[in-house]
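> Per TrEMBL, the feature signal peptide maps to 1-25. Annotated disulfide bond per TrEMBL: CYS107-CYS142, in sequence order. The feature region 'Disordered' is assigned by TrEMBL to 165-221, 403-442. TrEMBL lists 176-187, 194-203 with the feature compositional bias 'Acidic residues'. Per TrEMBL, the feature compositional bias 'Basic and acidic residues' maps to 204-215, 422-433. Under the heading transmembrane segment, TrEMBL lists 371-392.
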Amino acid sequence: MTTGGRAVLLLPLLVASALFAQIRASDPLFHESFDEGFEGSWVVSGKEEYSGVWKHEKSDGHEDYGLLVSEPARKYAIVKELDSPVTLKDGTVVLQFEVRLQNGLECGGAYLKYIRPQEAGWDAKEFDNDTPYTIMFGPDKCGSTNKVHFILKPDDWDEDAPTEILDEEATKPEGWLDDEPEEVDDPEAAKPEDWDDEEDGEWEAPKIDNPKCEEAPGCGEWKRPMKQNPAYKGKWHAPLIDNPAYKGIWKPQEIPNPEYFELDKPDFDPIAAIGIEIWTMQDGILFDNILIADDEKVATAILEKTWKPKFDVEKEKQKAEEAAAADSEDLSEFQKKIFSVLYKIADIPFLEPYKIKIIDIIEKGEKQPNITISILASVAVILVTVLFRTIFGGKKPVAPVKPVAEVKKPNATEADAAGSSGDKEEKEDDTTAPRRRSRRET
């Protein structure tokens, strides 16, 4: 399951091939817990296209280590050769592993390939998409594709067969001109007068279609035509059928598998190695506890010990996140109702002078829902203020007029006296402050 694009539940993948003969064992045939890292036991492909970096990291929120896809938009390839091949013809065989999609899975694979024995001299660094496998198992999602692969590849399926092959029944037509080129120099073309061989290079006449080829069935070396390859099958994919239980958007549920069957004696190649060869647009994919066992009880015991505790923790986290999301959704609906009421308040006629200011405050609140209470308080203050002024405001008091002092104009006698008095003062100033003489005057 995912919450907000983040996978919160670990996905245990298990397939059991149950046969008549039951083999009891206390230990698995192979178990990789990645507690001690992967260097030295797992081999990273040396092919240039696989540039993704594998890391030994803890599972997010847990103390358990795993093999981590550390970069998005990369191809990854890594392989582990088993000490001895595991046969799938006799006994019970359980294939099981954990994969955690810590950042979700929008486009990419998270599956394993169980590799068949290779030819002598095969190097694990050569592991790539073309390496033959017995079983491919695990999730794959991109666009409309969202499935968990479990591919049993037929032995006679040739993915390398070309779409077209040479038509061996074709024969060369009579009159075919083997020594005539399809194009010849134009005999009517002439070298331009301003052509400079030193600067422009050697002049070459333009080409035209060879007129001899127009009359003959063809010119040049004859090659057999191509035809559709009757053996072409392309990349093999597991066949698809209409899902009888499809009802729309998928929800986690379990239904009886109408295609379930058991083979008494399946004839598969042995498993000689385990490989991860994927191309993913997401990082954070963590592989852990890769297991091959010949007893279902052993596989279940390891599952309960390694995966179940982490699953329970993530399940509780998911419940808490869902509860928080529900509370947030309820609050969001409440806020929408509040803002709707506030817009209606802004349309009240006597608030027309303040409408622009009120709407500006409301819009800020919609952009920042966490200040809804402050917005309510601001609008309430404006509303109360306007009501108070409307009800109790009354007439504006008349501003008091400042008294103006009366200035008495002087008569002619007083004016003359004042003028003579001023002249006297100027004379006194002249006598008290004599002018300093310059050197020329001396």
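Every residue gets a Cβ built from N, Cα and C, even glycine.
Fair warning: this is a prediction, and the values are worked out from it, not measured in the lab.
Could you tell me the structural context for the features on the list?
Sequence-distant neighbours of CYS107 (disulfide bond) (same chain, 6+ apart, CB under 8 A from its CB) are LYS141, CYS142, GLY143, THR280, MET281, GLN282. According to DSSP, CYS107 (disulfide bond) is assigned to a strand segment.
Among residues of the same chain six or more beyond the compositional bias 'Acidic residues' (194-203), none has a C-beta under 8 A of the stretch's C-beta atoms.
DSSP assignment over the compositional bias 'Basic and acidic residues' (204-215) gives 5 helix, 3 strand, 4 coil.
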> Mind checking how the compositional bias 'Acidic residues' (194-203) divides into helix, strand and coil residues in DSSP?
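Per DSSP, the residues of the compositional bias 'Acidic residues' (194-203) fall into 4 helix, 0 strand, 6 coil.
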> Enter the number of other CB atoms within 10 angstroms of the CB of CYS142 (disulfide bond).
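Step by step: centre on the Cβ of CYS142 (disulfide bond), count other Cβ atoms within 10 Å, giving 14.
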> Could you put numbers on the helix, strand and coil content of the region 'Disordered' (165-221), residue by residue per DSSP?
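So the region 'Disordered' (165-221) is made up of 9 helix, 10 strand, 38 coil.
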